[in-house]
Number of protein chains: 2
Amino acid sequence: MKNFTITALENGLDNVQGFYCNAVNAGLRPDKEQGDVAFIRSEVLCDISAVFTRNTFQAAPIRHFQKYPQGFQTDFVLINAKNANAMTGPKGIEDIDTIMSTLRNKLNVTNPVMSSTGVIGYRLPVDKITSAFDTLDFNASNSDKAARAIMTTDSFKKELAYRVELDNGEHFTIAAICKGAGMINPAMATMLCFITTDADIPKKDMDELLLEGTEHSFNRISVDGDTSTNDTVMLLANKRSGAYNKEAFAEALKQIMFELAMMILKDGEGANKLVAFEVKGALTVEEAQKASMALSNSLLVKTALFGEDPNWGRIASTIGASGIACDERKLTIHYDDLLIYSDAFRELDAEREERAYRIMKQEQFRVTCDIGLGEASYTSYGCDLSYEYVKINAEYRT
Amino acid sequence: MKNFTITALENGLDNVQGFYCNAVNAGLRPDKEQGDVAFIRSEVLCDISAVFTRNTFQAAPIRHFQKYPQGFQTDFVLINAKNANAMTGPKGIEDIDTIMSTLRNKLNVTNPVMSSTGVIGYRLPVDKITSAFDTLDFNASNSDKAARAIMTTDSFKKELAYRVELDNGEHFTIAAICKGAGMINPAMATMLCFITTDADIPKKDMDELLLEGTEHSFNRISVDGDTSTNDTVMLLANKRSGAYNKEAFAEALKQIMFELAMMILKDGEGANKLVAFEVKGALTVEEAQKASMALSNSLLVKTALFGEDPNWGRIASTIGASGIACDERKLTIHYDDLLIYSDAFRELDAEREERAYRIMKQEQFRVTCDIGLGEASYTSYGCDLSYEYVKINAEYRT
């Protein structure tokens, strides 16, 4: 039995005591109504855990972050859109240092960090950014504005907050803003997520739970197979509430990250369907993961989803091509609860096809492939490919 | 110095003495003007080499082929479109046996083989196919008709033939028909290729050179990352000409397979550009291949090609994400002969950007990434993603 309750709150990061966030348009983005430079400020130095892209060419802000000693504390995160500050060499680090020293002079911050998203290969417009500090209110908190400022091809802002009440009467808050767009945004696949909390969480738990949360959320959605130079997930904890319970925090963090990941998928341009690809009965978790990710990344499968084509052939073919141990006589495939392929019957009869079609009409459904060889399972999440161009292929069979 | 000359011929398979091919519409395809069942017949039993898909769920015709003993000879290949006969279990094999025994009775063929392309998961319409034999002229040769009959989403037929003259005055002929469409055909990515020759080639060389040719052609083009259940390349040799020279044959075979592979790429629906991705200076060939294939498969890169966006950032990011050993200070990137990225300069000046833009305007060009760490290289080939939906992303930077 759970000894805590989790309640959703409005207004994202604004809920977490001791943190401030805001944004301004520094002229990086043509639309002056929307910010392009945002910050998250903490009243005190706070613990920070981060997960970064595995791309070898990590962007300058990530390399800058890693120059701080292990376990350092931060009191300021600066985020900009429209310029990734990636592949900018030593100059990219120098530019961050320049911006940071301006910030230190102006605000008395100690260990500022930075995060960027946008085009690769251009120097940051340092003057524009530092000039904008003059008009930026660092004592306000406007999560909405910050969440909008970090958007690139996103079509809606992504922010969430939860209040966690423990059964001893204590409570803490956890909140996040996030940007990233689904598979269908190869132009800018960078994913950024900033989470703040006033929970009294030990640094060790932060590291452990952030990794675990990432593995169960952002690492399970099919973006476009490319890993950006800038992908970043950060968790900042100022411990202000004095309240903590590991199980409760883990649950709230997992929930917030999973929901943000689903928001990213839903923001795939033109994507209409959100599909869970569960692979079970595999010999190992690695094999289940390999097959599950193959399904959520497959153009073959994505176009079939869009075409609402109940033919299971592309699902099976993708499993077969994934390189995992499998056998067509042991495999079964379900769409939600409907068995759609097994060795016992192969061709779809009209009734089953009609039922499958009704399931595929839904905005969300589940594809379950039971490999029938072992006990391991893995679920990843994908969306359909719903562009006009795909129509040609999706309608191929009809 | 080459001791042979290679000359292109019209009319594909019709050029190779001792072989016949033709096609008929058996009612598998609605358009009665186009065939859907084709054959290649040899007057004598001839050696056959084949390369098949690595998909675990190999289609029934492939499993049927493999029941013949190693090194068997064939005198008949039957090919159908619109139905893959894949994931059809033992019944799929039985259906082929039924068709084959009809053929044996009708034509006195000895070891017929079959090849199929189309939708997965449906039994072959055996009666339609065998009934069509009554109206099919097995003594005619019509390469054009056969090449069109095996098309699925292809927008043009693919056939080629070469006459190879040796310096001793002897000559032989090699010809092929092929089907397959580029990256942009996730609906039916199956690639089939049938090559006939009258060269007096030993079976050992057939096996060796077909594998080598496949590695330098079909395995180097970016289809959609999915491997079909039916991919097949076959080489049939009746030795009729009495002429052979290994070097000459290898060259002609390589040329025919490479050109067919480029035809497949060019047939990517709406694809406008054919780009060679050369990765050199890698530590190992495996690493060079990994990075090169990552480039030709990347949606990020393909949309940049379509957008004619000279920004090298997506190329670099894809190299960095590919997991190979690399260092942004040692990397250089060229578009044709234009150096577009090196550690010495990173931001593109206006003149270089203009020159890069002119290169990208071409229908064909080369992207060369020198990793700068070793001696190994690999080249793969890709096309752009040119659909309306991609426009949104391709124009992101402007």
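Glycine is no exception: its Cβ is also placed from the backbone N, Cα and C atoms.
The annotation substrate binding site is assigned in TrEMBL to B:T152, B:K179, B:T190, B:E269, B:N393, B:T398. Residue density at B:T152 (substrate binding site): 22 other Cβ atoms are found within 10 A of its Cβ, drawing on all protein chains shown.
Taken from TrEMBL, the feature active site, nucleophile applies to B:T190. The number of other Cβ atoms within 10 Å of the Cβ belonging to B:T190 (substrate binding site), over all protein chains shown, comes to 30.
Residues near B:K179 (substrate binding site) in space but far in sequence (CB under 8 A, at least 6 apart, same chain), listed by position: B:A81, B:T117, B:A147, B:I150, B:M151, B:T152, B:D154, B:K158, B:T190, B:M191, B:L192, B:C193.
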